[in-house]
Amino acid sequence: MDKFKIRGGQPLSGSVTISGAKNAALPILMASLLPSEKITLSNVPDLHDVDTTLELLDCLGISHSNLNNNSVCIDPTTLNHFKAPYDLVKTMRASILVLGPLLAKTGKAEVSLPGGCAIGARPVNLHIEGLRKMGAHIDVENGYIKASVEGRLQGAEILLDTVSVTGTENLMMAAVLAEGETVIENAAREPEVIDLANFLNSLGANVRDAGSDTIHITGVNKLHGGEYSVMPDRIETGTFLVAALATGGSVRCEKTDPASLDAVLKKLEEAGATIDKGDNWIAIQSHGRPKAVNIITAPHPAFPTDMQAQFCALNAIAEGTAGIRETIFENRFMHIPELRRMGANVESEGNTALCHGVDELTGAEVMCTDLRASASLVIAGLVATGETVVERIYHIDRGYEGIEKKLQGLGADIERVTA
């Protein structure tokens, strides 16, 4: 398996171009089976999870062709299967997002229960119960969700018990071809949900109020083709900004969206950074050792859970002591034992971690456990004295496009070693 070798101690400096958002690209790719004509997507990140999603569409009979510059053309008119097999779904929890659109388009769907990062239960009950309210008959047997509906799905009022991004997206995609009006209450408000709604509307859907906690969808008979550009990745942006501050550097992120990062930017300023921003760029300037900052993760527009591990690495070398409380996922502190191997003074119990900043980290062999934990270990390696070896980086390849090349462009001493 590939690994990273990092020799830390160099401040990051320069500009980096941000890729398309993984968490927007995946649902948009799944939604690409809904229209009756070809679509072309641009700013699609080159990631393992994107490749898996395209493989999944292939399994459904949907053909695609990769164009230049992170673009892909998808032809949903060749859809001729309705089963998402375990071999593909086991590697990626987002595979559950095929359930709603596949059921809406074909009237039946068989989707294996999902896999992906080992960071908690992430139950699919919300998806199933919502689709049942829309008239679907659903059984869960032999590890598969087996869904069917006679005729079209029916519009319904759906109250989500907990805020769920994928639950909101799955039901939104199902509702665009349903008969009548669907209302999703307690909906997720993440920017990626808005991007999915904008994509669907560009194809002729009628989705309103995405970005609020109540989304209204009026079903249409069919969707047409079109072209769409995936939004920039706010988590990749945040990761580079944290890396810049942790190393005492100065970095400008290009082709990003500052409006989607308010909570993160406020915490970076609280940690001592100077932030400048324009319509599609963010620049960060460090001023000595960062200050430790308290973090509480919560659904958007609060602090995103996908940035928690990176700030844990930042707090590990910051001045002072700060707490981190994780309210979204259980079991999301798996990076902490690895950071301790590098000399971090971080303790955790339940969903809370306490970070006591140390003067320096030292290089060590560490192991990735999930996508965002991987990013925290890379940041720690960039700061540490000596050499850090980061193992099992297939986790980071799931969500960061060419991260080592982008870091090299900012002056980092990092290399990918192929086993």
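Even glycines carry a Cβ here, placed using N, Cα and C.
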Of the candidates ASP75, ASP306, ASP359, the one that Swiss-Prot places in the UDP-N-acetyl-alpha-D-glucosamine site of ARG93, ILE328: ASP306
Which of LYS22, ARG93, all binding-site residues, has a Cβ with the fewest other Cβ atoms inside 10 Å: ARG93
Greatest C-beta neighbour count within 10 angstroms, which of the binding-site residues ASN23, ASP306, ILE328: ASN23
Cα-to-Cα gap, ILE328 (UDP-N-acetyl-alpha-D-glucosamine binding site) vs LYS22 (phosphoenolpyruvate binding site), nearest whole Å: 19
